Amino acid sequence: MKPYRPAFALKNFSSLAPSKPPISVQNVETFIDARSIKTGFDPNTCRSNFMVENLLRKGYLSTARQVFDQMPSRNTVSTNMMISGYVKSGDLLKARHMFDTMLDRTAVTWTIIIGGYVQKSQFHEAFKLFAEMRRHDTQPDPVTFATLLSGCNDAEADNELVQVHGLVLKLGYHSSIIICNSLVDSYCKTDHLDFASRVFEDMPERDSISFNALINGFAKDGLTEDAITLFLQMQNLGFKPSDFTFAGVLSAAIRLNDLAFGQQIHGFLVKTGFVGNVFVGNALLDFYSKYDCLVEAGKLFDEMSDLDGISYNVIITCYAWSGQHEEAISLFRELQFTGFKRRQFPFATMLSIAANVLDLRMGQQIHSLAIVTTADSELVVGNSLVDMYAKCGRFEEAEKIFRSLAKRSTVPWTAIISGYVQRGFHEEGLNLFNEMHKAGVRADQATFASILKASANLASLSLGKQIHSFVIRSGYMSNVFSGSALLDMYAKCGSIKDSIQLFQDMSERNIVSWNALISAHAQNGDAKATLDSFEKMVQSGFQPDSVSFLSVLSACSHCGLVQEGLRYFRTMTRIHNLVPKKEHYASMVDMLCRSGQFNEAEKLMDEMPFDPDEIMWSSVLNSCRIHKNQELARKAADQLFSMEVLRDAAAYVSMSNIYAAAGQWDNVGKVKKAMRERGIRKVPAYSWVEIRHKLHVFSANDMLHPQMEEIRKKIEMLSKQMEKEGYKPDTSCTLHDVDENIKIESLKYHSERLAIAFALISTPEGSPILVIKNLRACTDCHAAIKVISKIIRREITVRDSSRFHHFKDGICSCGDYW
């Protein structure tokens with residue numbers, strides 16, 4: 001919650017004008033005459049002032065201006081009231097024009113116009129007016145100081161705040177409780193708690209507002225114990241707490257990480273009757289939401305007798321953070337039928353929901369509502385719009401909004417970069433990062449996580465190392481999340497040794513870093529290291545989460561450890577109280593099918609709490625191809641072909657391959673025809689290798705590379721040596737109804753073999769080779785690369801769409817299981 005902010009200055013504006021008379025019409029004239037005689041004012045002017053004041057109070061600003069313009073004679077009070085009216089209506093331009101045309105200005109006049117700029121968050125302009133006031137020899141009063149200081153709430157106002165404090169001491173106002181409270185509050189807001197504490201200690205007299213300001217300052221700066229100690233001191237001294245007091249204490253309780261303490265405060269609020277205060281209720285709601293106490297937060301919200309827009313914002317955000325999107329959306333719909341300010345709706349939160357679930361239509365609806373309420377001009381909403389459109393793949397809209405932002409901080413830069421990276425546009429994301437760096441915007445841990453993911457997916461180890469250096473220079477190396485992202489990058493670039501070294505060098509480890517290590521071993525097909533790391537994590541006192549188990553099950557699947565996989569799957573619920581998600585069931589189905597246990601896989605799919613999805617049926621279909629189970633393959637294919645949306649053509653390709661391997665070319669034609677009719681195209685296979693900081697991409701039978709003649713010569717030379725080593729091409733991998741010799745010839749020029757041949761002619765002898773492929777390597781290429789690694793006596797690492805294969809001395813790390 002926001003710390004205490006003095007509001008008395010603006011509230012006192014009305015008292016700076018003449019006192020408001022009773023509304024009774026029959027006594028008005030007598031009252032005006034009495035006041036005019038008492039003050040010595042001109043009776044006509046006094047009557048007109050009363051009329052202007054009455055019209056302003058009712059909100060008739062234009063009518064009040066007409067009366068003001070028709071006044072035969074005006075005084076300073078008349079003009080002050082009109083300036084105040086314009087300030088309160090938000091029309092600072094007219095207020096300033098009227099102020100500039102005044103000849104006789106009082107401290108009240110200056111205070112009103114200064115307050116107008118403070119209201120508009122234009123503190124520097126307010127300070128200029130204050131300085132001009134001093135040049136005109138007008139003495140500021142306590143209300144002037146309090147009004148000016150109420151706008152001093154960011155670190156950029158440091159110098160001005162010190163100057164104002166100096167003037168307070170010079171004019172002898174250091175004992176004024178109103179000014180001292182404002183100074184304490186301003187120093188807290190500008191992150192100068194040492195000065196705030198000194199002013200507080202030197203105050204000859206304090207009140208509840210004094211304590212509130214410092215308690216909120218301590219809470220905001222994370223000095224939790226100081227805030228609570230001061231609250232207890234306030235209680236012992238007999239000062240009555242207010243809603244601002246409890247807001248600060250609850251804010252401190254959030255950082256204290258002590259749910260029981262917050263619940264004690266809740267009980268105290270019930271006893272003192274403050275729980276019915278909407279400001280306190282919102283603070284309590286925020287406390288429960290930060291502790292993910294959904295039940296308590298929901299119950300409190302339902303029981304609150306008084307709600308406002310903030311109440312809805314907090315509870316909607318609480319549900320959104322916890323993944324309860326339906327509840328958040330339902331409450332947002334309810335909020336639209338309230339009378340609360342629509343501009344203050346939680347648009348950023350709702351846009352984050354749309355971004356996370358990739359619901360473009362919902363995001364566009366929220367965007368339209370934000371435009372209608374002009375909330376789209378707010379920076380946080382603009383940032384969220386960039387994030388939503390980027391994550392939904394609408395980069396044109398994302399870029400348009402991004403370029404139109406008044407201030408492009410780290411947040412929108414990171415949002416659009418991560419959007420490109422998540423959608424697979426890694427080079428575009430990296431180009432934007434370079435642009436961000438040139439613009440002088442500092443990257444944070446989220447930015448580094450995105451660009452490290454980009455370099456990992458490109459398998460560009462040299463780029464990853466450059467980013468590693470950048471992370472060190474930026475001071476984020478000690479951050480556990482940056483370290484985990486680096487660990488993941490090295491693992492995906494095939495450098496598992498660097499991953500392990502990074503983990504060992506970490507000064508701090510959490511579940512994220514342990515998961516990164518476990519995943520690194522799993523991706524590289526080292527089941528033993530995966531399971532060992534998992535057990536070490538548990539022994540270190542960390543509770544495994546769903547991500548930990550997904551890596552373990554994946555490793556078991558990759559290495560055929562079915563019994564171990566089943567055991568870990570059972571411990572998820574029985575020991576660690578975790579509910580398996582679709583991804584865990586998908587790993588189990590893949591594991592059972594790959595080992596040929598189709599009955600057990602079907603039984604598991606029947607028993608799980610949701611319908612099998614595309615990933616599961618695709619695993620079944622692919623395993624049926626390996627085990628030549630045509631009957632179940634047809635069933636799996638029927639399930640896949642009946643789905644409204646498919647990610648790609650993999651299901652059609654797999655079924656086509658099954659028929660082709662069985663020589664059923666008519667059925668192959670039928671499957672391909674069905675694929676064409678549905679408008680689905682096969683994803684072309686390609687492989688790439690990084691040589692001297694440049695990526696070289698190859699497709700099957702590629703002829704475009706400038707060194708293709710040398711590459712083909714190398715392949716021909718290798719083919720002869722491979723034949724001597726006993727290698728025989730597996731033509732069943734070439735699923736075309738063509739001559740056997742043509743099949744053998746086409747196998748030689750698969751994309752991964754072209755990439756390996758190019759690496760061999762471009763790198764020193766003995767150096768390792770890393771090749772990345774976007775699809776799975778075929779059986780023949782797997783066998784061929786084993787032989788090549790033996791001939792050239794080099795380690796060859798191939799990362800396909802499923803896992804790493806480390807080839808050395810004629811052996812693959814997968815043990816030919818995958």
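Any Cβ shown, glycine's included, is placed from N, Cα and C.
Feature annotations, reproduced from TrEMBL:
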type: DOMAIN; residues: 726-818; note: domain 'DYW'
type: REPEAT; residues: 75-105; note: repeat 'PPR'
type: REPEAT; residues: 106-140; note: repeat 'PPR'
type: REPEAT; residues: 176-206; note: repeat 'PPR'
type: REPEAT; residues: 207-241; note: repeat 'PPR'
type: REPEAT; residues: 308-342; note: repeat 'PPR'
type: REPEAT; residues: 378-408; note: repeat 'PPR'
type: REPEAT; residues: 409-443; note: repeat 'PPR'
type: REPEAT; residues: 479-509; note: repeat 'PPR'
type: REPEAT; residues: 510-544; note: repeat 'PPR'
type: REPEAT; residues: 581-611; note: repeat 'PPR'
type: REPEAT; residues: 648-682; note: repeat 'PPR'
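Sequence-remote contacts of a segment are chain residues at least 6 beyond its ends whose Cβ falls under 8 Å from one of its Cβ atoms, and for the repeat 'PPR' (106-140) they are 9-10, 13, 16, 76, 79-80, 83-84, 86-87, 90, 92, 95-96, 99, 147-148, 150-154, 157, 160, 164, 167, 171.
Summarising model confidence by region, the repeat 'PPR' (75-105) averages a pLDDT of 89. Residue counts for the repeat 'PPR' (106-140) under DSSP (helix as H, G, I; strand as E, B; rest coil) come to 26 helix, 0 strand, 9 coil. Tertiary neighbourhood of the repeat 'PPR' (409-443): same-chain residues 379, 382-383, 386-387, 389-391, 393, 395, 398-399, 402, 449-451, 453-455, 457-458, 463, 470, 474, selected by CB-CB distance under 8 Å and a gap of 6+ residues from either end.
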